[in-house]
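If you look up TrEMBL, you'll see 648-663 marked as compositional bias 'Basic and acidic residues'. The compositional bias 'Basic residues' annotation in TrEMBL covers 664-688. Residues annotated as domain 'Nucleolar protein 10-like N-terminal' in TrEMBL: 1-364. The domain 'Nucleolar protein 10-like second' annotation in TrEMBL covers 369-417. Taken from TrEMBL, the feature domain 'NUC153' applies to 482-508. Annotation comment: TrEMBL describes 527-561, 648-688 as region 'Disordered'.
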Amino acid sequence: MQVSSLNEVKIYSLSCGKSLPEWLSDRKKRALQKKDVDVRRRIELIQDFEMPTVCTTIKVSKDGQYILATGTYKPRVRCYDTYQLSLKFERCLDSEVVTFETLSDDYSKIVFLHNDRYIEFHSQSGFYYKTRIPKFGRDFSYHYPSCDLYFVGASSEVYRLNLEQGRFLNPLQTDAAENNVCDVNSVHGLFAAGTIEGRVECWDPRTRGRVGLLDCALSSVTADSEINSLPTISALKFNGALTMAVGTSTGQVLLYDLRSDKPLLVKDHQYGLPIKSVHFQDSLDLILSADSRIIKMWNKNSGKIFTSLEPEHDINDVCLYPNSGMLLTANETPKMGIYYIPVLGPAPRWCSFLDNLTEELEENPESTVYDDYKFVTKKDLENLGLTHLIGSPFLRAYMHGFFMDIRLYHRVKLMVNPFAFEEYRKDKIRQKIEETRAQRVQLKKLPKVNKELALKLIEEEEEKQRSTWKKKVKSLPNILTDDRFKVMFENPDFQVDEESEEFRLLNPLVSKISEKRKKKLRLLEQQELHEKEEEEEPEGKPSDAESSESSDDDKDWVAEVRRQRRLLQQEEKVKRQERLREDQQTVLKPQFYEIKAGEEFRSFRDSATKQKLMNKTLEDRLKLEAKNGTLSVSDTTVGSKQLTFTLKKSEQQKKQQEAAKLHRQERKTLRRSAGHLKSRPRRGRPFH
């Protein structure tokens with residue numbers, strides 16, 4: 001029997017341990033119990049409580065006497081009698097069972113829904129009748145007042161089969177493409193069906209009309225949940241007259257009051273797996289929700305986790321034994337799980353001895369096998385001088401070392417090391433020294449790349465921690481511990497180039513800061529060397545003296561910026577002179593270019609001018625256009641700017657304009673000279 005505890009809730013697994021084959025004789029079984037501890041400590045609550053391969057569904061009859069389970073392979077159903085603690089009967093089926101339901105208090109009336117659209121009825125004696133539905137079924141529920149079976153599946157219709165009349169009735173037409181699960185309220189008979197679109201449709205069987213619609217897919221999306229697909233309804237369960245729990249395919253459980261379309265509580269399993277089943281535990285106001293990986297028990301009022309159970313294999317179905325603390329599970333393994341949780345309730349009447357057994361285990365906790373042994377490595381044996389015991393019964397080899405008796409270990413250690421008190425005293429002194437070293441510069445493991453940047457970030461983090469007078473702000477992640485920036489301190493390609501122009505202009509005081517940082521690095525290296533040589537505190541300059549050095553004022557900062565700028569200008573001038581000298585030394589060779597067909601060659605100057613113009617910014621081009629007269633900028637009355645562009649004229653148009661201008665000037669001079677001659681008086685004899 002395996003015991004686990006979560007939130008101080010004990011969970012006893014009664015199905016763990018080795019199972020013995022049926023063909024073993026009683027003599028061999030007794031011999032195995034003497035030799036094997038696991039076989040001796042196991043509890044076989046119900047004999048042969050397993051399936052050949054996999055168990056798919058498990059249920060308890062209404063009177064609590066019989067446990068029925070279906071599984072493969074081959075498809076079968078097994079019924080266990082709890083009063084006899086053994087298998088009562090086993091029946092093989094034609095196909096696998098999707099789900100089943102007991103219509104009577106015992107096993108005398110059972111309905112099976114198969115995966116090949118068949119519905120099979122069994123009586124106490126065996127198979128009774130078989131019929132078929134039009135579409136593949138996924139779930140069904142029984143309405144006791146009208147004796148109707150409601151089947152939902154890969155169809156928008158809900159098929160109704162009346163067991164009193166023995167015929168199918170008119171189906172209920174839903175708005176969904178397919179329906180996954182359904183349930184009938186045992187108090188007022190309300191029928192609910194969970195659809196593939198994430199909705200729950202509620203119907204009144206008396207009027208055969210829909211009375212409500214819940215959009216659970218929209219309500220299941222919360223701020224903390226991460227949903228990658230549309231949630232579909234995978235589990236549905238009523239509790240009382242007004243409470244309903246809905247499980248989705250994305251791992252959420254929604255708790256509803258039927259008087260409201262908003263959920264009272266949304267519980268996320270955090271696994272993203274479909275909810276297999278939902279059960280209510282009324283004595284402690286708990287809800288048991290299970291997916292294929294875990295069973296969670298949580299309070300239905302607050303949503304607080306009560307405890308959880310995670311079996312070794314995937315879960316197919318969960319059944320809570322009524323009015324007790326026993327839990328039955330159908331897993332992807334031959335063995336069916338049996339768990340006993342004393343906090344949920346007492347043990348069932350047919351296994352009441354479990355209460356006494358668990359009480360004794362709590363009163364006398366069993367010590368583990370290794371409490372009386374000490375694990376030692378080969379180096380420990382060399383220090384103790386016990387290497388000659390290797391291979392003897394005193395040492396039991398295990399992994400990379402050995403187990404030895406704890407009493408032998410303490411006795412040998414006392415003989416080998418009688419001065420244990422002196423070692424204890426030295427350890428205490430070493431701890432005191434380490435406490436005093438905390439006031440000085442602590443050793444830091446710096447990365448290989450960008451050491452100065454890492455030291456700067458560490459200093460800023462320490463300053464933030466020391467400044468307790470500041471307001472509390474949201475703490476940001478540190479770059480050194482962030483995985484997104486770890487390549488910056490590992491890859492040499494990300495090394496900061498302190499000689500670049502941008503770095504020197506943006507960090508005018510980098511030289512002085514880097515000198516301080518390098519000085520601190522040397523101090524750390526010296527401290528590390530001193531600690532390796534001796535254990536006392538090394539003498540040197542304390543960190544407080546370094547922190548007392550004041551930084552430069554604003555004038556020094558401006559002077560440093562100007563000095564860096566002058567240095568950059570001088571370096572640029574030297575580079576230009578070197579490029580000019582290299583250009584003078586190189587001999588240029590003539591280059592020939594081929595002109596494309598249909599194009600006219602003008603000059604290289606025009607293409608160079610165009611290239612220079614294209615390399616300029618928009619602002620420079622606008623200034624050049626305004627200077628040439630092709631652009632005019634003016635202010636409007638509303639305060640905006642008005643740009644007027646004039647088309648640029650070609651060289652031929654310019655020559656024509658210049659020729660016309662010269663012609664106009666010549667005509668003007670001729671007119672002026674003609675007018676001057678006309679106004680001047682004539683001399684000599686008048687003309688007749």
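From the backbone N, Cα and C atoms, a Cβ is placed for every residue, glycine too.
TrEMBL does not curate its annotations; it predicts them automatically.
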Averaged across the domain 'Nucleolar protein 10-like N-terminal' (1-364), what pLDDT does the model get? Just tell me the whole number, please.
88
Looking only at the domain 'Nucleolar protein 10-like second' (369-417), what are its DSSP counts of helix, strand and coil residues?
25 helix, 13 strand, 11 coil
Provide the three-state DSSP residue tally for the domain 'NUC153' (482-508): helix first, then strand, then coil.
16 helix, 0 strand, 11 coil
